[in-house]
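Quick notes on the structure that follows.
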Amino acid sequence: MTAAPSAVESTQTGVAGLDDLAGLVADGDVLVLSGAGLSTDSGIPDYRGATGSLRRHTPMTWQTFRRDPRGRHRYWARSYVGWPQIAAARPNAGHSAVARLQRAGLLGGVITQNVDGLHQAAGARDVVELHGGLDRTVCLACGDVAGRAPLHRRLRAANPGFGPHADEVNPDGDAELPDDVLDGFVMVDCTACGAGPLKPDVVFFGETVPRDRVDTCFGMLEDAGSLLVLGSSLTVMSGYRFVLRAAELGIPVALVNLGPTRGDAKADVRVDAPLGAVLPELARRCGA
Ligand SMILES: [Zn+2]
(Lines of atoms letter the chains of each structure in order from A and count residues from 1; the text may use other names and numbers.)
(Lines give C-alpha, C1' and ligand atoms only; values in the text may rest on other atoms or scores of the structure.)
Protein backbone atom coordinates (compact mmCIF):
# COMPACT_ATOMS: atom_id res chain seq x y z
CA MET A 1 0.00 0.00 0.00
CA THR A 2 1.37 3.38 -1.01
CA ALA A 3 -0.27 6.67 -0.08
CA ALA A 4 -1.11 8.98 -2.97
CA PRO A 5 1.32 11.92 -3.25
CA SER A 6 -1.44 14.40 -2.43
CA ALA A 7 -2.22 12.52 0.79
CA VAL A 8 1.46 12.58 1.80
CA GLU A 9 1.69 16.29 1.11
CA SER A 10 -1.47 16.91 3.07
CA THR A 11 -0.08 15.02 6.07
CA GLN A 12 3.16 16.97 6.05
CA THR A 13 1.70 20.46 5.76
CA GLY A 14 -1.67 20.18 7.39
CA VAL A 15 -3.24 21.84 4.36
CA ALA A 16 -2.54 20.64 0.81
CA GLY A 17 -0.77 23.29 -1.27
CA LEU A 18 0.22 25.52 1.64
CA ASP A 19 3.96 24.88 1.20
CA ASP A 20 3.78 25.85 -2.47
CA LEU A 21 1.67 28.90 -1.59
CA ALA A 22 4.14 30.08 1.04
CA GLY A 23 6.99 29.63 -1.45
CA LEU A 24 5.21 31.73 -4.06
CA VAL A 25 4.26 34.53 -1.65
CA ALA A 26 7.77 34.63 -0.16
CA ASP A 27 9.05 35.56 -3.63
CA GLY A 28 7.20 38.89 -3.23
CA ASP A 29 5.48 41.24 -5.74
CA VAL A 30 2.18 39.47 -5.06
CA LEU A 31 -1.04 41.07 -6.29
CA VAL A 32 -4.10 40.07 -4.26
CA LEU A 33 -7.56 39.70 -5.79
CA SER A 34 -10.12 39.15 -3.04
CA GLY A 35 -13.80 38.19 -3.03
CA ALA A 36 -16.74 37.65 -0.72
CA GLY A 37 -15.23 34.53 0.87
CA LEU A 38 -12.69 36.73 2.65
CA SER A 39 -15.44 38.64 4.46
CA THR A 40 -17.71 35.79 5.55
CA ASP A 41 -15.83 35.51 8.87
CA SER A 42 -16.72 39.17 9.44
CA GLY A 43 -20.42 38.32 9.34
CA ILE A 44 -21.02 39.33 5.74
CA PRO A 45 -22.52 36.29 3.98
CA ASP A 46 -21.17 35.03 0.66
CA TYR A 47 -24.27 35.16 -1.48
CA ARG A 48 -22.60 33.43 -4.41
CA GLY A 49 -21.26 30.61 -2.24
CA ALA A 50 -22.67 27.58 -0.53
CA THR A 51 -25.37 29.50 1.31
CA GLY A 52 -26.45 31.44 -1.77
CA SER A 53 -29.51 29.27 -2.30
CA LEU A 54 -30.88 30.56 1.04
CA ARG A 55 -31.40 33.98 -0.46
CA ARG A 56 -35.04 34.95 -0.73
CA HIS A 57 -34.70 37.43 -3.56
CA THR A 58 -32.28 38.07 -6.38
CA PRO A 59 -29.68 40.86 -6.12
CA MET A 60 -30.52 44.30 -7.44
CA THR A 61 -29.54 44.77 -11.07
CA TRP A 62 -28.41 48.03 -12.63
CA GLN A 63 -31.28 47.85 -15.12
CA THR A 64 -33.90 47.66 -12.36
CA PHE A 65 -32.24 50.31 -10.24
CA ARG A 66 -32.06 52.75 -13.14
CA ARG A 67 -35.45 52.17 -14.71
CA ASP A 68 -37.77 51.12 -11.89
CA PRO A 69 -38.40 53.80 -9.22
CA ARG A 70 -40.29 51.34 -7.01
CA GLY A 71 -37.49 48.76 -7.25
CA ARG A 72 -34.98 51.48 -6.40
CA HIS A 73 -37.09 52.59 -3.46
CA ARG A 74 -37.28 49.04 -2.12
CA TYR A 75 -33.54 48.64 -2.55
CA TRP A 76 -32.91 51.69 -0.36
CA ALA A 77 -35.40 50.48 2.25
CA ARG A 78 -33.60 47.11 2.49
CA SER A 79 -30.23 48.78 2.40
CA TYR A 80 -31.23 51.14 5.21
CA VAL A 81 -32.11 48.18 7.43
CA GLY A 82 -28.95 46.29 6.49
CA TRP A 83 -26.50 49.17 6.78
CA PRO A 84 -25.83 49.01 10.55
CA GLN A 85 -24.62 45.40 10.20
CA ILE A 86 -22.31 46.37 7.33
CA ALA A 87 -21.08 49.46 9.20
CA ALA A 88 -20.40 47.39 12.33
CA ALA A 89 -18.47 44.64 10.49
CA ARG A 90 -14.82 44.41 11.51
CA PRO A 91 -11.82 42.95 9.66
CA ASN A 92 -11.13 39.30 10.43
CA ALA A 93 -7.90 37.29 10.74
CA GLY A 94 -7.73 36.95 6.94
CA HIS A 95 -7.85 40.73 6.33
CA SER A 96 -5.23 41.24 9.06
CA ALA A 97 -2.92 38.63 7.52
CA VAL A 98 -3.15 40.35 4.12
CA ALA A 99 -2.25 43.70 5.73
CA ARG A 100 0.72 42.10 7.55
CA LEU A 101 2.01 40.48 4.35
CA GLN A 102 1.78 43.89 2.69
CA ARG A 103 3.66 45.62 5.54
CA ALA A 104 6.32 42.91 5.25
CA GLY A 105 6.85 44.04 1.65
CA LEU A 106 5.57 40.87 0.00
CA LEU A 107 2.34 42.25 -1.46
CA GLY A 108 1.96 45.11 -3.87
CA GLY A 109 -1.62 46.24 -4.27
CA VAL A 110 -4.94 44.66 -3.47
CA ILE A 111 -7.85 44.42 -5.89
CA THR A 112 -11.06 43.58 -4.07
CA GLN A 113 -14.48 42.62 -5.36
CA ASN A 114 -15.84 43.37 -1.89
CA VAL A 115 -17.69 46.60 -1.15
CA ASP A 116 -17.28 46.47 2.65
CA GLY A 117 -14.04 48.44 3.13
CA LEU A 118 -12.59 45.76 5.42
CA HIS A 119 -9.16 45.54 3.72
CA GLN A 120 -8.62 49.24 4.37
CA ALA A 121 -9.97 48.91 7.92
CA ALA A 122 -7.34 46.21 8.53
CA GLY A 123 -4.61 48.60 7.39
CA ALA A 124 -4.06 47.52 3.77
CA ARG A 125 -2.87 50.20 1.33
CA ASP A 126 -3.25 50.60 -2.43
CA VAL A 127 -6.64 48.89 -2.42
CA VAL A 128 -8.66 49.14 -5.63
CA GLU A 129 -12.36 48.56 -4.98
CA LEU A 130 -13.28 46.88 -8.26
CA HIS A 131 -17.00 47.00 -7.50
CA GLY A 132 -16.94 50.26 -5.53
CA GLY A 133 -17.74 50.79 -1.85
CA LEU A 134 -20.92 50.91 0.24
CA ASP A 135 -19.50 53.68 2.45
CA ARG A 136 -20.46 56.36 -0.07
CA THR A 137 -23.20 57.31 -2.52
CA VAL A 138 -23.20 58.90 -5.94
CA CYS A 139 -26.03 61.10 -7.25
CA LEU A 140 -27.26 59.90 -10.64
CA ALA A 141 -28.39 63.45 -11.50
CA CYS A 142 -25.42 65.63 -10.52
CA GLY A 143 -22.63 63.11 -9.83
CA ASP A 144 -22.03 64.29 -6.26
CA VAL A 145 -20.22 61.69 -4.15
CA ALA A 146 -21.19 61.74 -0.48
CA GLY A 147 -20.65 59.64 2.64
CA ARG A 148 -23.05 56.89 3.59
CA ALA A 149 -22.94 57.61 7.33
CA PRO A 150 -24.52 61.10 7.06
CA LEU A 151 -27.11 59.68 4.65
CA HIS A 152 -28.00 57.03 7.22
CA ARG A 153 -28.51 59.73 9.86
CA ARG A 154 -30.87 61.60 7.51
CA LEU A 155 -32.76 58.39 6.70
CA ARG A 156 -33.08 57.55 10.39
CA ALA A 157 -34.63 60.96 11.03
CA ALA A 158 -37.04 60.48 8.11
CA ASN A 159 -37.99 56.92 9.14
CA PRO A 160 -38.52 56.75 12.89
CA GLY A 161 -39.28 53.18 13.93
CA PHE A 162 -38.93 51.73 10.43
CA GLY A 163 -38.36 47.98 10.54
CA PRO A 164 -38.38 45.11 11.30
CA HIS A 165 -34.71 44.35 11.64
CA ALA A 166 -33.31 41.95 9.09
CA ASP A 167 -32.01 38.52 10.04
CA GLU A 168 -29.92 38.34 6.88
CA VAL A 169 -27.87 40.96 5.09
CA ASN A 170 -26.28 40.45 1.70
CA PRO A 171 -22.86 41.79 0.65
CA ASP A 172 -24.50 44.56 -1.36
CA GLY A 173 -26.08 45.72 1.89
CA ASP A 174 -29.71 44.89 1.28
CA ALA A 175 -31.90 43.03 3.74
CA GLU A 176 -35.07 40.95 3.67
CA LEU A 177 -38.40 42.75 4.24
CA PRO A 178 -41.90 42.28 2.78
CA ASP A 179 -42.82 44.62 -0.06
CA ASP A 180 -45.63 46.38 1.83
CA VAL A 181 -43.20 47.33 4.57
CA LEU A 182 -40.59 48.46 2.01
CA ASP A 183 -43.14 50.71 0.28
CA GLY A 184 -43.65 52.64 3.54
CA PHE A 185 -40.02 53.71 3.62
CA VAL A 186 -39.23 57.41 3.13
CA MET A 187 -36.23 58.10 0.86
CA VAL A 188 -34.35 61.40 0.96
CA ASP A 189 -32.82 63.44 -1.89
CA CYS A 190 -29.29 64.42 -2.86
CA THR A 191 -28.06 67.27 -0.64
CA ALA A 192 -26.03 68.78 -3.50
CA CYS A 193 -28.74 69.17 -6.17
CA GLY A 194 -31.92 68.51 -4.19
CA ALA A 195 -32.98 65.89 -6.71
CA GLY A 196 -31.18 62.61 -7.25
CA PRO A 197 -31.75 59.71 -7.26
CA LEU A 198 -28.93 58.49 -5.06
CA LYS A 199 -27.09 55.26 -5.79
CA PRO A 200 -24.66 53.45 -3.55
CA ASP A 201 -21.22 53.86 -5.16
CA VAL A 202 -21.09 50.18 -6.06
CA VAL A 203 -21.23 48.28 -9.34
CA PHE A 204 -24.54 46.45 -9.54
CA PHE A 205 -25.14 43.20 -11.37
CA GLY A 206 -25.51 44.04 -15.05
CA GLU A 207 -23.40 47.18 -14.67
CA THR A 208 -19.95 47.65 -16.18
CA VAL A 209 -16.89 48.34 -14.05
CA PRO A 210 -15.50 51.77 -15.11
CA ARG A 211 -12.84 51.31 -17.80
CA ASP A 212 -10.17 53.39 -16.06
CA ARG A 213 -10.54 51.25 -12.94
CA VAL A 214 -10.11 48.06 -14.99
CA ASP A 215 -7.06 49.54 -16.72
CA THR A 216 -5.53 50.43 -13.33
CA CYS A 217 -5.99 46.81 -12.25
CA PHE A 218 -4.47 45.41 -15.45
CA GLY A 219 -1.50 47.73 -14.90
CA MET A 220 -1.08 46.39 -11.35
CA LEU A 221 -1.22 42.85 -12.71
CA GLU A 222 1.41 43.49 -15.38
CA ASP A 223 3.79 44.73 -12.66
CA ALA A 224 3.11 41.74 -10.39
CA GLY A 225 5.20 38.63 -9.84
CA SER A 226 2.14 36.54 -9.06
CA LEU A 227 -1.63 36.78 -8.60
CA LEU A 228 -3.14 35.52 -5.34
CA VAL A 229 -6.92 35.06 -5.44
CA LEU A 230 -8.55 34.95 -1.98
CA GLY A 231 -12.12 33.86 -1.33
CA SER A 232 -13.58 34.17 -4.79
CA SER A 233 -15.23 31.47 -6.85
CA LEU A 234 -14.45 33.74 -9.85
CA THR A 235 -18.03 33.39 -11.10
CA VAL A 236 -18.09 36.97 -12.38
CA MET A 237 -15.99 37.93 -15.38
CA SER A 238 -15.02 41.24 -13.74
CA GLY A 239 -12.68 39.25 -11.48
CA TYR A 240 -12.03 36.17 -13.61
CA ARG A 241 -10.53 38.25 -16.42
CA PHE A 242 -7.50 38.98 -14.23
CA VAL A 243 -6.84 35.25 -13.88
CA LEU A 244 -7.13 34.85 -17.65
CA ARG A 245 -4.75 37.79 -18.23
CA ALA A 246 -2.25 36.45 -15.70
CA ALA A 247 -2.27 33.09 -17.47
CA GLU A 248 -1.69 34.84 -20.82
CA LEU A 249 1.23 36.81 -19.37
CA GLY A 250 2.78 33.74 -17.72
CA ILE A 251 2.24 35.21 -14.24
CA PRO A 252 1.75 32.42 -11.67
CA VAL A 253 -1.75 32.22 -10.17
CA ALA A 254 -2.52 30.95 -6.66
CA LEU A 255 -6.08 30.37 -5.46
CA VAL A 256 -7.20 30.09 -1.84
CA ASN A 257 -10.89 29.32 -1.56
CA LEU A 258 -13.20 26.96 0.27
CA GLY A 259 -14.63 24.93 -2.60
CA PRO A 260 -13.96 24.83 -6.35
CA THR A 261 -13.50 27.96 -8.46
CA ARG A 262 -13.86 28.78 -12.13
CA GLY A 263 -10.11 29.46 -12.24
CA ASP A 264 -8.92 26.08 -10.94
CA ALA A 265 -7.63 24.93 -14.34
CA LYS A 266 -5.53 28.12 -14.66
CA ALA A 267 -4.02 27.92 -11.17
CA ASP A 268 -0.41 27.00 -10.42
CA VAL A 269 -1.20 26.64 -6.69
CA ARG A 270 -4.57 25.71 -5.26
CA VAL A 271 -5.51 25.67 -1.55
CA ASP A 272 -9.03 24.49 -0.73
CA ALA A 273 -9.46 25.48 2.93
CA PRO A 274 -11.02 28.20 5.12
CA LEU A 275 -9.22 31.53 4.67
CA GLY A 276 -9.37 32.33 8.37
CA ALA A 277 -7.07 29.37 9.01
CA VAL A 278 -4.85 29.53 5.91
CA LEU A 279 -3.96 33.22 5.78
CA PRO A 280 -2.63 33.69 9.35
CA GLU A 281 -0.53 30.53 8.85
CA LEU A 282 0.68 31.84 5.48
CA ALA A 283 1.69 35.15 7.07
CA ARG A 284 3.49 33.32 9.87
CA ARG A 285 5.45 31.17 7.42
CA CYS A 286 6.44 34.27 5.47
CA GLY A 287 7.64 36.02 8.61
CA ALA A 288 4.89 38.66 8.42
ZN1 LIG B 1 -27.36 65.41 -6.91
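Yeah, the Cβs are placed from backbone N, Cα and C, and that goes for glycine too.
According to TrEMBL, the protein has these features:
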type	residues	note
ACT_SITE	HIS131	active site, proton acceptor
BINDING	35-55, 113-116, 231-233, 257-259, LEU275	NAD(+) binding site
BINDING	CYS139, CYS142, CYS190, CYS193	Zn(2+) binding site
DOMAIN	11-288	domain 'Deacetylase sirtuin-type'
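Features per TrEMBL, on structure.
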residue: GLY35; record: NAD(+) binding site; Cβ contacts under 8 Å, 6 or more apart: THR112, GLN113, ASN114, VAL229, LEU230, GLY231, SER232, SER233, LEU234, GLY239, ASN257
residue: GLY43; record: NAD(+) binding site; Cβ contacts under 8 Å, 6 or more apart: GLN85, ALA89
residue: HIS131; record: active site, proton acceptor; Cβ contacts under 8 Å, 6 or more apart: GLN113, ASN114, VAL115, VAL202, VAL203, VAL209, SER238
residue: CYS139; record: Zn(2+) binding site; Cβ contacts under 8 Å, 6 or more apart: VAL145, ALA146, CYS190, ALA192, CYS193, ALA195, GLY196, PRO197, LEU198, LYS199
residue: CYS142; record: Zn(2+) binding site; Cβ contacts under 8 Å, 6 or more apart: CYS190, ALA192, CYS193, ALA195
Listed recorded positions are GLY35, GLY43, HIS131, CYS139, ASN257; which sit with C-beta under 6 angstroms of ligand 1?
-> CYS139
Which of these binding-site residues has the least crowded Cβ, counting other Cβ atoms within 10 Å: CYS190, CYS193?
-> CYS193
Those same-chain residues, other than CYS139, CYS142, CYS190, CYS193, found with Cβ within 8 Å of the centroid of the Zn(2+)-site Cβ atoms are LEU140, ALA141, GLY143, ASP144, ASP189, THR191, ALA192, GLY194, ALA195, GLY196, LEU198
Quick one: average pLDDT across the domain 'Deacetylase sirtuin-type' (11-288), no decimals.
-> 90
Around the Cβ of ASP116 (NAD(+) binding site), the count of other Cβ atoms that are within 10 Å = 26
Cβ packing number for SER39 (NAD(+) binding site), 10 Å threshold | 29
Around ASN257 (NAD(+) binding site), how many other CB atoms lie within 10 A of its CB?
-> 26
